[in-house]
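Asker: Have a look at this one.
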Amino acid sequence: MTEGTFVSMDFNLPIRDKPVSHAFSEVPICEQCGQEEPPFFNMDCAYCKHILNSPSTTVSQIFAIMRQWAPSTQRKIGLLVEEAIRRGANVNDRDSLTDMTMLHYCAKAGAAKIGNLEGVIAAIRTLLHSGVNVEARCNWVDMTAIHFAALFNAPDVILILVREGNANPQVLSHEHDDGNALHIAARALALDAIRVLLRLDCDPHLENSKSLKPVECMPEKYGHIQCEQYKILEVVDKIHQEFEAFESLNVTQARSRRQAEDPQTQKDTTKKDRHLIRRESGSFSNLESLGLKIGDRVCVNRKRNGILRFFGKTDFQSGLWAGVELDEDSGRNDGSVGNYRYFSCRPNFGIFCVPSKLDPIASPELQHTSSSMDNRERSESGLADLPSLRPSSSSATSGTNISNSVSSPYLELGANVTLAGGKKGVIRFIGDVKFQTGQWVGVEYNEAIGKNDGSVDGIRYFRCKPNYGVFVTPSKIFRDDIPQGNNRTTRVNTYDSATTARRKKLSTLRSLNLNTSTSAPKTPDLVLAEGMSVFYPVQRETGIIKYMGPTELGEGLWLGVEFSKPIGKPDSKVNLRDYFKCRPNFSLLLRPSKLTYRGINCMKILPSLS
């Protein structure tokens, strides 16, 4: 074989039945490209192509090539997917460094001016036809493929995921403040993705955990975006126009429906109601699987309470839908949409939603029973040491009221806590509130950086000086007066599905052939240390901790990280003091809360003060 001439090797290994997580590998670069600065796997290099075609190249090495965020690589993502499948890769295999699947990488490659759209679509169709899980989440950043497509402004990828893969555009990302794909797209100023998501009826009114709608998530400052200021403002203006046009269209359609109604429509109501009952009864098996029945009290999207009046298929949208009569006039209809009545209630008291947005509101007796069952299940699954996660139905009426359901010993009145951004304070209230559903914690800050004096809308929950009080969900709080190594169990998630999610995670890990035996002895608490590899979500890059300690940048603990790519400062000096040595432009000093270790926020695994 002469130099520069290679023979394509034809081989196809049997595809594995179960997905695995592939260990980290370096990019397999040829000797010539390895001398470049920085070293780079060149998809157009004949020698690199030969390496890619070689049977000795592993799936983990192909994942390493996929990680190269460069147009020349991303435009041939389809070829990389084919090569991985040729080597027996399951379509749901993961890259252990990023915890991403091939579908996640394809969704990123759909970004404008980065990938080859036709190749990306073809690769996604190949994965869909092979049974890829479109709802698989990257546990580093808690994002599905549709979230990545929204973040990287890939509208065509969103369309094919929803229309051909039946992906749910409403799915939430806890890492993005429990927002949906619209929240993520708005934060990234992804105009094209926003347009497509609105066409797919992605809810523009959904509020995230910070009570922000998608249109309110757009950044107020644009210094981090490498683009001319006038172009950014033009995009922001167009995004506002898209949301306003969507609202205007909904109002016009609703007015047209009302005008189209005539007396004959009202006469046919009884007939339609009989038809409704038949359709509804055909969906009872699905309803029972959710633990609900018609007439149950439910909470819609964790915000609005009401009574379940309808469950079944509708004429206005495909799939199963739930109709709820709300307690307040914050709905959108009277149980009818268009000329079809699904249930009856007062105007603006009715609302339709997908079943995944419903949570049952149980009576105190049922909560006690289910709590006992949860404890038994958690004990069987090795999760007995976690605090109870079921929210209480008790109402908070005074500053000394504490919900019985918050059984965690870490949440108690008078405890010193740290909130997001390193803000410190003392717990003054725990319980239910009138301004929002679910459990809330009232904190008195040590400084005047709060929002109130312990009262909201005229109702007092605790007392403190003006602008010293704030209300947050329990999941945003860390205790200061316990060893930091145990902080992983101090964050109290108020969602009913948290226990189920943990059980699912254990099941997933078992399917990846990882050692997760629940009967094995407990391992020591994970503690952050120098030399550990961490992930920086803002830049989506990994690095090694080279320094842990105080700096002149501010109070508290800082982490000095050397990244694998030049995304940092020229050096690690602050006021002429050098905290650690590394290559120029590869270092950053960051707060622990800005970094994660294998999906765990570094704030949760800091070493104890002792």
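Using N, Cα and C of the backbone, Cβ positions are placed for all residues, glycine too.
Curation plays no part in TrEMBL annotations; they are all automatic predictions.
It should be emphasised that the depicted structure is a prediction, and the values quoted were computed from it without experimental measurement.
Annotations for this protein, taken from TrEMBL, read as follows:
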REGION    254-275  region 'Disordered'
COMPBIAS  258-271  compositional bias 'Basic and acidic residues'
DOMAIN    312-354  domain 'CAP-Gly'
REGION    364-401  region 'Disordered'
COMPBIAS  386-401  compositional bias 'Low complexity'
DOMAIN    431-473  domain 'CAP-Gly'
DOMAIN    549-591  domain 'CAP-Gly'
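Could you place the listed features in the three-dimensional structure?
Answerer: Confidence across the domain 'CAP-Gly' (431-473), taken as the mean pLDDT and rounded to a whole number, stands at 85.
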Asker: Under DSSP, the domain 'CAP-Gly' (312-354) has how many residues in helix, strand and coil?
Answerer: 0 helix, 18 strand, 25 coil
Asker: Would you list the DSSP helix, strand and coil counts for the residues of the domain 'CAP-Gly' (549-591)?
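Answerer: Taking each residue of the domain 'CAP-Gly' (549-591) in turn, the totals are 0 helix, 22 strand, 21 coil.
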